[in-house]
Amino acid sequence: MRRVLMVNFGVLLLFCFGVLSNSFGQDNGGDSDINSTTAVYIVTLRQASSLHLFQQEAEEVKRVRDQSKHGDTSKFTRPKLQPRNISRSRYWRSRRSAIAQAHDSLLRNALKGEKYIKLYSFHYLINGFAVFVSSQQAETLSRRREVANIVLDFSVRTATTYTPQFMGLPKGAWVKEGGYETAGEGIVIGFIDTGIDPTHPSFNGTDTSQRQYPIPNHFSGVCEVTPDFPSGSCNRKLVGARHFAQSAITRGIFNSSEDYASPFDGDGHGTHTASIAAGNHGVSAVVSGHNFGSASGIAPRAHISVYKALYKSFGGFAADVVAAIDQAAQDGVDILSLSITPNRRPPGVATFFNPLDMAMLSAVKAGIFVVQAAGNTGPSPKSMSSFSPWIFTVGAASHDRDYSNSIVLGNNVSIPGVGLALRTDEGKKYTMISALDALKNKSSVVDKDMYVGECQDYGSFDKDVIRGNLLICSYSIRFVLGLSTIKQALAVAKNLSAKGVVFYMDPYVLGFQINPTPMDMPGIIIPSAEDSKVLLKYYNSSLVRDGTTKEIVRFGAVAAIAGGQNANFSNRAPKIMYYSARGPDPQDSLFNDADILKPNLVAPGNSIWGAWSSAATESTEFEGESFAMMSGTSMAAPHVAGVAALVKQKFRKFSPSAIASALSTTSVLFDNKGEAIMAQRAYANPDQTISPATPFDMGNGFVNATAALDPGLIFDTSFEDYMSFLCGINGSAPVVFNYTGTNCLRNNATISGSDLNLPSITVSKLNNTRTVQRLMTNIAGNETYTVSLITPFDVLINVSPTQFSIASGETKLLSVILTAKRNSSISSFGGIKLLGNAGHIVRIPVSVTVKIASKQ
C-alpha cells in the first residue's frame, strides 16, 4: 500500500493563482460530513500534464516529418495531434476541460457517498488537483492507481530610485537596449506576490514621456474585475491580474474585507517588488512631503502580470501557489519572480522534491526563467531556502547610498542613527526631555516601564514640560511587532508641541535591522543599544534634582538633530547583508550538501525604494505613502528579474539556463572601491563582523546588467539534464516518476549535480579525483580564450584546454580535473576565468567542501 506523503513546512513568501474551481463533490445519498481531521491535500496524478503531452506529441510529429523527408514512414503512425494545424489556446482549452473532468471522475469514484471540496484542477505544468478531504479520504486516494503522490498543503507567508544607477543601467544596459524608453519592451514578468495597486503611477499604461505600451501578443492572461479592482485597472503595462485564495477560504480564515478578494494589494509587498523589476521610469518618489528622487524599474518598459496568493492577515498556502505558477505559465509570462522561501527544508529524499519546485521545473521546461529569493535566514551556513538548480536564487547585498542621520549632544559627542527626518534649526541645540520624566501621573510605575516611554499616548504627558523641547522615547520590541509605531509617537510629539523626537534602543531589541523611517518633523532612531546607553548616560548626568525631594528642577541635556533626508553615496558597496541566506545548498533535511551552488547571484536588497500600495499595512511607518523603503532578499530577486527581462529582450531564443548563464558568468567580484566584495558574517569567517565573501555568500557574484547583455560564452542546461540529475539522487526513482512521469530505470545517463552544465562547479565531497566537464557555446564573434586559475586551498586543478579558439555559434568542451591534496572538511574556494581576446571575461566559481586525498 502506498503511503500518503505528509509534508508540512512553512514558506517565507509566496503568491499564487490557478484554474479556479470550487466544486463540491457528493455522491447520491452520501451523508458523511467533513470532520475535524480534514485538510487540504495536493494530489499529483501519473498521467502527464498538458504541457508535457503537447511537447511529446510535437516531438513525435517532428520525428515523423523528418522520417518522411527520407522517404520512410512505414514504421511510424502519425499522431492524432498535429501542432502545426491547431492553435495552442484551443489545445489548452480542450486539455484543461478533459483533465478537470478526469479529476472529478476520480474523486467521485474513489470517495463514493462522501463529501469533499475540490479547490483547483492543475493541468498545464502538473496533472493534479487540490482537494479538501479527511485523512482517511486522503489515504483512500493514495491507494488509487491513477494517483502518484499526495502532499499535505502547507502555509506560506511573506519573506528603486537609485539602484538602476548603482547597477550602471543609464550608461550601460539601457543604452544597449535603446535607452530606458524601450528597456524590457515586449517582455512579460509575472509576480507571485500580495497583488498590486493598479492606481500607482509606476504602473500607468503610458510612461512619463506619454508613450503608450505595445501589446505583448504572446501573452494571453486576463484581468479580474471586482469592486476594489474595477474594469480599467489593467492596461498595456499591467496586462494581467488575478487572485487565488481557495485554500484559505476552505479553511474559513479568509476575510474578504481585510484581505481583498481581488488582485488589489492590501499589504504593499507585491506592489513594491513589481515596481523594482518593471516600474515606469521617472516616477517621483515623494514621502512625507519630501522628494527622494525619480524611481524606475530595472526593465521600465517590461509588462507586468500579477498573481496574488498572499494576504496580509494570514499569509498563504502552497495549493494556491502551485495554481499561480500553473496559470502564469499558461498565460505566457517570460519571467517569473517569486520572493518566496520555505522556512523549513522540505522532507523526503531531497529538498528538490516538493510541489513548488516541481511546478517551477515544468515552468522552466516551458521556457520561463524563474527567479526566487534566497531567504532572510542568514548568516548561518546551510541557511539557504531556495534549493533547485533550475531556479535562479538571489541573495541580498547593499548599495552605496544611505540616509545617515546623527544627533550631536551638548558635550559634542555625535551619535549616528537613522530616520528620514528634518533637521533641527541649524546651529541650535534644544533641551531633551525623557518621556518618563514628563508624565502627568509620575507614580504609574507599571506604565512607565511597560508602555508610556514609547510615546504612544498623548494623554499621559505634561504638554507644558515638553513644549519646544526634544522628546526622548524608547524603541522596544513592541515597535518590531507593530504594537507601537513611529508614526503614532510623532503624532503625540506634535500634539505636545515638541521640537523633535529621539528614539533610543531598548537593550532587548536584538538582531533587527532598523530601516530609515519617514518623519515629518526633526527626529532620529538610535539603532545601537550601546549608543543608546551613551545618550541616556549624558541625559541623566545632566539632570538637576532637588536635594531633598529628588524631583527634577532642571533639564540640562541639550542636542541637535542633523536630519536624514539627504542621501550619501560614499559607502563601500556592495556587501552581502547578514540576513541573506547562505550556502552550501542543503540537499536534504539531514544536512547533506548538494553539488549545486546557491545562491546563484546577489543583487541590491537593502534599503530599497519601491512603489507602495495606498492600502498597504506591512510597514506602518509608510502607511498612506506612495513609496516605501524595504530590505530583504525579496527586494533583491526582482532586481534580477528585471535584468533577466533585458537579456530576454535581446536574446529572444535564449533558454532559461542560457539567461542564468549570462547573468552568472558576467557577475562582479569587486566592490566600488576595487576591493573584494565583503560579507557581513561571511561563510568562511562567521565570527567576524565583516570579511571577504565566498561563493556560499554571493554565488557567482554581484549582478552586472550591462555585461550580461554580452556574455560571450554560455552554458546551457536542458530539461533532460535536470531529469538525469534527479534520477542520480539515491532513492529518488519513485518520487521522480511520481512528479514527472520519468522512469529513472530507463534513464541510463544519471549524473551528479557537479556534472550539470552550470556556470559553476560545486563538489560537496571530493574523494581523491573528480573530472567535470562544461560545454560552452559562443554567442559572440570568433574569439580566442585563455584560461586563468585561482586554485582552492588543498585542491589541485587541471583545465584542458588552457587556450582555445571558438567560432561564432560553435561549442567546445572544457574539462576540469579536481584532485584533493590532503584530507580536510573545511570548504575551499577558487575559480576558473576565461579571458577572451575580444574583451569577454567568463568566470566559473569552484567550491569544494570535504576533501579526501588518496593514500600514498
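Residue 1 is the first one shown; counting continues down the chain.
Just so it is clear, glycine is given a Cβ too, placed from its N, Cα and C backbone atoms.
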According to Swiss-Prot, which residue among Asn204, Asn798 is annotated as N-linked glycosylation site?
Asn204
Could you check which of the glycosylation sites (Asn204, Asn441, Asn767, Asn823) sits closest to Ser634 (active site, charge relay system), going Cα to Cα?
Asn204
Minimal Cβ count within 10 Å, across the glycosylation sites Asn255, Asn704, Asn730, Asn823, points to Asn730
Taking the domain 'PA' (432-528) alone, what is its mean pLDDT?
88
Just to verify: the residue among Asn204, Asn495 with the fewest other Cβ atoms within 10 Å, which of the glycosylation sites is it?
Asn495
For Asn704 (N-linked glycosylation site), which DSSP three-state class applies?
coil
If I take the Cα of Asp193 (active site, charge relay system) as reference, which of the glycosylation sites Asn255, Asn441, Asn568, Asn730 has the closest Cα?
Asn255
Work through the recorded positions one by one (Asn204, Asn255, His269, Asn704) and name whichever has its CA nearest to the CA of Asn495 (N-linked glycosylation site).
His269
